[in-house]
Amino acid sequence: MSAETATNPPVDTTPGAAPESATNGSNANVAADTTAGEASQTTSSTTPTAQPHSASLYVGELDPSVTEAMLFELFSSIGQVASIRVCRDAVTRRSLGYAYVNYNNTADGERALEDLNYTLIKGRPCRIMWSQRDPALRKTGQGNVFIKNLDTAIDNKALHDTFAAFGNILSCKVAQDEFGNSKGYGFVHYETAEAAQNAIKHVNGMLLNDKKVFVGHHIAKKDRQSKFEEMKANFTNVYVKNIDQDTTEEEFRDLFEKFGEITSATLARDAESGKSRGFGFVNFTSHDNAAAAVEALNDKDFKGQKLYVGRAQKKHEREEELRKQYEAARIEKASKYQGVNLYIKNLSDDIDDEKLRELFSSYGTITSAKVMRDFAPESTSDSEKEAKKDSKEPETKEEEPKDEAGDNAENKDNKENKAESKKSEKKPLGKSKGFGFVCFSSPDEASKAVTEMNQRMVHGKPLYVALAQRKDVRRSQLEASIQARNTIRQQQAAAAAGMPQPFMQPAVFYGPGQQNFIPNQRGGMPFQQPGMVIPGMPGGRHGQFGGFPGQQGGRGMNPNQQIPPNAYGIGAQGLPMGMQGAGIPNGLNYPQMGQVQAPFGRGRGQAPSGQGMPPNVQGMGPGGQYGRGMPVQQGMGRPGQAGRGQGAPAQAVGQRDENASPNGLTLQVLNAAPPAQQKQMLGEAIYPKIQAQQPELAGKITGMLLEMDNAELLALVDDDAALKAKVDEALTVYDEYVKNKGGDSGEPAADANKSKDASQETAEETKS
């Protein structure tokens, strides 16, 4: 939706009035200000008699926290509600302050409009009118009335009650500022032009709360703008400043009367003291006389002061000109430093402005180099003050005869010494913020510095060097990148619907005959389905390796042939390449994941069990020799060596490396796995512990912690106190990100990495 550019009241109002009137200055249906996205939907321009089939109401002036449920509770008391929608921002999902309520029949809509208009919802009166989607009907100016000079006590309901006697009102609105205070003007939109004319005739010039109000037809913004330009070209009112305070009214008038007939001349005075404030206004009868006075008296000395004489301007006009001047200066400054100003972060604390300049001086001429620092606190302790007093010794003056030349030379030396002492007495610097800026004289030098210095190690820290950007530009780019990532993640989530999510449920293998076995496959490898757990089977924890959990082998099956619960080489469909129909005997029973059993149970013809397979079964693919795709692991007997009656004692699976973690995960096992699977193994090891602390955000926090080094993560598996500290730190970062971006902590767990990236980017942007 496009933003609704509302019209301003007549020219004597401030720019803040602009958004409060009808759409594009010609909306016939809205007398209210609207936010972006409300353009095509804010106003109501028809009655049920015009469109009897329409039962859609617009509800405006809503508190941002109002939800569909609150509105349903209110509007369902009138009749059956078909639907309710609170309009929200597409990116932030924050309420735009208005909603639509659709009834099943028009009669209920009429009653709701009559009974619920200006009802308090969360302390704010709502404004209800008929919704009109046709822009042609909305943009007619017929029946729209503008009222100004309203008392601040008059609200929407009071204005509606005042003007309801002259006809059917479609919309009524008193303009308010961001704090909810009246701006002193409002709009009333009648159903017919006759009702609007009748209201203007009877109310214009009358007193409302002891204030004389102006009531007139609403003029479109484009029409007012053209009229305003005409008024500027034919001005008669002159503004004069830098007037001497002793100047009287007669002297001020005599100064301008020689240029033509004057209707009024006045000096602004203080209300309490009555003294002149140094400026005044002169109004001529003709534009030519006013222009002649401006031409002759501007920059002329009057009582020792140079006068400023120019066309009198409205407040909003002056503010608009100042805004344009500021914007022009900002653009000029930005273009001046475009491509030459560098942003450097990750600076060491001992790098100051001089060292920063030295680092980059070899790449070109530096116009400025600055390390950003905190403000240094002033020393206020009594001991420091006394030390300062003691250090200041009283100066003694020696009375010795000196010639003039000697005096001049000594004075010069004293001045130089004082200047040097001032330079040497530097103000204490605050702590470095870790980033700074370097400005070069040309873009080529800056580009060379970025190429050479980015990621260079300085004092043990890699520098980040890039072209500096304005804060608003960085924020918009950050929001765009976050929105793009959200879109991609939503698309990926939709495409991967039904696939198991990481760290959300234990990796469980199922016994034969269960529905998750591939049909028509003899002894088929099981594939996992998300969230499915066999009833009665003891649940296990991720990462309990120690060889691998004890699984009771079936008849004729080598125990080492059995697959551990976490077989990372298994493909998306549950089977590695070459394993379909591999002839694995139909002997996979339910895994005992809760505890590590001692020796494997063996059936007839089972070979003695050797050293357990590592948790990460690598190399499952066509290149394997065992089982047509299954590689032969160390300590694993070949198929032909397993005979009947072989009953050598099995090695206890519970035995593991002394340096292994309680989960059986060692640094050697971790390094033996591919890099992509190392994070998966670590994640499955720490996820249950994080889930015990933060059940709702366990996925997010796990993803954030997986950004750490593998060795640090492995240490966290055994150190619950350190893990809890890291979890609290990650939770603090995530909460800060949610506060800054208005996010929702209830997002899917798959977005954990996105939360980490966004929080880091937000922290970096906040620093700069």
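Placement of Cβ uses the backbone N, Cα and C atoms for every residue, glycine included.
Given the ranges 1-52, 573-624, the record in Swiss-Prot names 1-52 as region 'Disordered'. Listed stretches 55-133, 236-314, 662-739 were compared with the domain 'RRM 2' (143-220); the greatest number of C-beta pairs under 8 angstroms is found for 55-133.
Across the domain 'RRM 3' (236-314), DSSP classifies residues as 20 helix, 30 strand, 29 coil. Broken down with DSSP, the domain 'RRM 1' (55-133) shows 18 helix, 30 strand, 31 coil. Using DSSP to sort the residues of the domain 'RRM 2' (143-220) gives these counts of helix, strand and coil: 22 helix, 30 strand, 26 coil.
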